[in-house]
Amino acid sequence: MLATDSDPIVAIATASGRGGIGVVRISLGRAGEAAALALSDALCGARLTPRHASYVPFLDGAGEPLDRGIALYFPAPHSYTGEHVLELQGHGGPIVLQLVLQRCLDAGRAYGLRLAEPGEFTRRAFLNDKLDLAQAEAVADLIEASTEAAARSAGRSLDGAFSRDIHALVDDVIALRMLVEATLDFPEEEIDFLEAADARGKLAHIRERLAHVLGDARQGALLREGLSVVLAGQPNVGKSSLLNALAGAELAIVTPIAGTTRDKVAQTIQVEGIPLHIIDTAGLRETEDEVEKIGIARTWGEIERADVVLHLLDARSGLGPDDEAIAARFPAGVPVVRVLNKTDLTEAPASVARVGSGAERADLCEVRLSAKRGDGIDLLRGELLRIAGWQAGAESVYLARERHLIALRAAQAHVARAAEHADQNAQALDLFAEELRLAQEQLNSITGEFSSDDLLGVIFSRFCIGK
């Protein structure tokens with residue numbers, strides 16, 4: 001904990017701009033109850049009753065009202081931060097909020113009151129055991145949620161669903177570690193603690209439960225991050241038309257002139273609550289046009305960063321030599337969907353089929369559709385969800401971040417290595433115990449029982465000021 005973590009802090013807790021209500025929040029840190037009572041007198045002209053809403057004037061230094069609104073006092077530890085907290089809820093104009101904020105700073109100068117840093121209120125909630133780290137991150141995820149599914153999943157994380165699963169896993173690992181340690185510490189007793197307690201069965205249960213939690217976390221990470229989908233192919237195969245069809249709006253210019261799209265056009269759409277970041281790119285071809293060359297170079301950059309590439313072809317001509325040359329340059333680790341567009345000109349029905357061959361593209365899928373008429377668009381959306389690994393109706397999903405997935409995969413690897421050492425050889429048992437300890441350490445890092453100050457700084461710096 002840093003020395004500044006106990007400073008009294010203040011910030012505007014509502015979004016910038018104009019609104020019906022604006023909130024100024026004060027958390028008093030080491031200044032405590034005496035400062036809370038003194039500030040309520042100075043700011044509101046009255047002692048506030050704990051956990052009661054009082055309609056009061058917000059006073060300037062001369063005792064004149066700056067605004068009128070609701071004032072609340074939450075004594076420690078029953079507050080968001082676990083400290084004594086004052087909230088002033090007035091009108092949401094930027095000028096009046098700044099005046100109230102400055103008045104708070106002036107009135108609290110004697111107590112060392114300062115402006116809060118981004119995420120500092122939630123950081124204090126974490127440090128004071130009001131939230132664990134996964135719940136604290138869920139606060140930011142709930143604020144930033146771009147879909148209903150993401151918001152509901154963030155709410156489940158904030159409610160502690162993710163944390164409860166992690167704590168249950170940690171408890172199981174600790175219980176198994178105790179058996180291993182007992183066997184190592186009391187060899188003279190000749191008691192097979194591991195065999196008596198079915199240690200291998202417990203380890204299998206941990207592995208099964210860990211795989212389940214990791215699966216849910218992957219779903220949650222997909223809700224949070226979405227999928228980057230790049231439309232690639234030769235000019236004039238209908239990439240812009242497909243973007244418009246997927247988005248349900250005219251976002252890109254569509255003309256019969258090859259090379260119309262010179263730079264990327266991006267749009268985020270929702271499919272079953274999953275954000276799909278669709279990127280239309282410049283057509284891939286040999287050209288002497290310098291501007292078009294720049295656009296083509298950017299296209300390949302987008303392809304390198306993509307989660308999925310939609311390789312568009314003209315359904316009338318199919319996969320030609322130039323298309324094969326383009327496909328050969330696609331990164332091996334990026335899933336590709338071959339999209340044969342313009343089926344309205346061939347009268348072929350919309351369809352989806354697996355056409356993969358070879359090790360690199362064994363799961364290659366081919367979708368036939370008409371972006372112009374909308375035929376087959378739902379088939380393509382379904383294929384994108386399949387590639388993403390989304391399981392429809394995943395009601396228990398909680399929002400997760402990349403660091404959570406990394407920690408869960410690392411824990412899974414340590415538990416797998418522990419299973420390799422699950423015999424009665426003393427040296428193997430030492431390794432068994434160490435792998436379990438490392439797995440526990442990874443799981444604890446998710447909820448913050450084991451976290452570096454650097455990690456905490458990065459997480460909370462991404463919050464808004466008033467949180």
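Quick reminder: no glycine exception, Cβ is built from N, Cα and C everywhere.
Pulled from Swiss-Prot, these are the features on record:
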| type | residues | note |
| --- | --- | --- |
| BINDING | Arg25, Glu87, Lys130, Lys467 | (6S)-5-formyl-5,6,7,8-tetrahydrofolate binding site |
| DOMAIN | 226-389 | domain 'TrmE-type G' |
| BINDING | Asn236, Thr255, Ile257, Thr260 | K(+) binding site |
| BINDING | 236-241, 255-261, 280-283 | GTP binding site |
| BINDING | Ser240, Thr261 | Mg(2+) binding site |
Revision key, fill the gap. Spacing of the two Cα atoms, Ser240 (Mg(2+) binding site) and Lys130 ((6S)-5-formyl-5,6,7,8-tetrahydrofolate binding site), in whole angstrom, works out to 49
Review point. In the predicted model, what is the mean pLDDT computed over the domain 'TrmE-type G' (226-389)?
Key: 81
Practice item. Look at the binding-site residues Lys130, Lys239 and tell me which residue has the greatest number of other C-beta atoms within 10 angstroms of its C-beta. Key: Lys239
Revision key, fill the gap. One should report the C-alpha separation between Ala282 (GTP binding site) and Asn236 (K(+) binding site), rounded to whole angstrom, as 10
Review point. Long-range same-chain neighbours of Glu87 ((6S)-5-formyl-5,6,7,8-tetrahydrofolate binding site), Cβ under 8 Å, sequence gap at least 6?
Key: Ala13, Val23, Val24, Arg25, Ile26, Ala71, Leu72, Phe74
Revision key, fill the gap. Students should find that the Cβ of Ser240 (Mg(2+) binding site) has, within 10 Å, a number of other Cβ atoms equal to 23
Exercise for review: Please report the number of other Cβ atoms within 10 Å of the Cβ of Ala282 (GTP binding site).
Suggested key: 27
Exercise for review: Would you count the other CB atoms within 10 A of the CB of Asn236 (K(+) binding site), including those on all shown protein chains?
Suggested key: 19
Check your understanding: What is the separation, in Å, between the Cα atoms of Lys239 (GTP binding site) and Lys130 ((6S)-5-formyl-5,6,7,8-tetrahydrofolate binding site)?
Key -> 50
Point to revise | Cβ atoms near Arg25 ((6S)-5-formyl-5,6,7,8-tetrahydrofolate binding site) (within 10 Å, other residues, all chains) | key: 25
Study note, to complete from the structure: Reading the DSSP string in three states, the entry for Ala282 (GTP binding site) is coil
**Study point:** Cα separation, Lys130 ((6S)-5-formyl-5,6,7,8-tetrahydrofolate binding site) to Asn236 (K(+) binding site) (Å, whole number)
**Key:** 57
